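Before any comments, here is the structure.
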Amino acid sequence: MENSEKTEVVLLACGSFNPITNMHLRLFELAKDYMNGTGRYTVVKGIISPVGDAYKKKGLIPAYHRVIMAELATKNSKWVEVDTWESLQKEWKETLKVLRHHQEKLEASDCDHQQNSPTLERPGRKRKWTETQDSSQKKSLEPKTKAVPKVKLLCGADLLESFAVPNLWKSEDITQIVANYGLICVTRAGNDAQKFIYESDVLWKHRSNIHVVNEWIANDISSTKIRRALRRGQSIRYLVPDLVQEYIEKHNLYSSESEDRNAGVILAPLQRNTAEAKT
């Protein structure tokens, strides 16, 4: 299959990135290799979208620091970048809205590009054309329009399984995410994503739009474990990018005090969805 026939894909990873780890970066590489390897897709970009402070997750440090760490982690990447839109929102934004924002942004950019494209004219002397000839000639001179890349949600199996947590997700949001965008789920050791998809009617219905990527090289790094090591004064070298480690140490970001941030506060999606369910 030629590149022109492949669907271009943008991988979007939403999350706390508290802090970003080497595992987060590996998710992008694993997903890119898998999608390109199908012969049906070409991954053209990866986007890291840190959640805003309004998410109210326990131990979540300010978005300002999390964004900077993500930018430091992707400093040398040629295709993965950090987007701040979600992190700058005053209210927590559902993942569906973040996906929609980035898809609309791509479509708007493509529209602007087409409008600004120069009009091609037939060189040489003007002559009279029949309507059929004129239409055919114009068609051959017009540049081929390129399809807008499709945004797909990149995640780990833990996010996939969180769909089953009561009031954490709206059922209609889950349906739209898997039906209109799609998931690329990288599985960790001990997760059975395929079984979870089988046990969910919604996920099973749209299983063709859910790509499960097996991580054959075991990597159990997590932000939670990184924060725990930091609280205990243990080394995190080789678990996060060097620049991220330096930034954490310079600003003394993670401690017992920071882990108590938002303690006792209900997570934003649980608070909102529970309230809406009662109305």
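Backbone N, Cα and C define each Cβ position, glycine as well.
Taken from Swiss-Prot, the feature ATP binding site covers GLY15, SER16, PHE17, HIS24, LYS58, GLY156, ALA157, ASP158, THR224, LYS225, ILE226, ARG227, and the record attributes it to similarity to another entry. All chains included, 17 other C-beta atoms sit within 10 angstroms of the C-beta of SER16 (beta-nicotinamide D-ribonucleotide binding site).
Summarising the annotation, Swiss-Prot assigns beta-nicotinamide D-ribonucleotide binding site to GLY15, SER16, TYR55, LYS57, TRP92, THR95, LEU168, TRP169. In three-state terms derived from DSSP, LEU168 (beta-nicotinamide D-ribonucleotide binding site) belongs to neither a helical nor a strand segment and is classed as coil.
Among the features that Swiss-Prot reports, NAD(+) binding site is placed at GLY15, SER16, PHE17, MET23, LYS57, TRP92, THR95, GLY156, ASP158, LEU168, TRP169, GLU215, ASN219. PHE17 (ATP binding site) has a Cβ environment of 24 other Cβ atoms inside 10 Å. Under DSSP, PHE17 (ATP binding site) is assigned to coil, being neither helix nor strand in the three-state scheme.
Among the features that Swiss-Prot reports, phosphoserine is placed at SER117, with the record citing a large-scale study or a structure entry.
Sequence annotations record features per position, and here Swiss-Prot assigns phosphothreonine to THR119.
Swiss-Prot lists 107-144 with the feature region 'Disordered'.
Residues annotated as motif 'Nuclear localization signal' in Swiss-Prot: 123-129.
The secondary structure of ASN219 (NAD(+) binding site), as reduced to three states from DSSP, is coil rather than helix or strand.
The Cβ neighbour count for LYS57 (beta-nicotinamide D-ribonucleotide binding site), using a 10 Å radius over every protein chain in view, is 17. When the neighbouring Cβ atoms lying within 10 Å are counted for each of the binding-site residues (LEU168, ILE226), the highest count belongs to ILE226.
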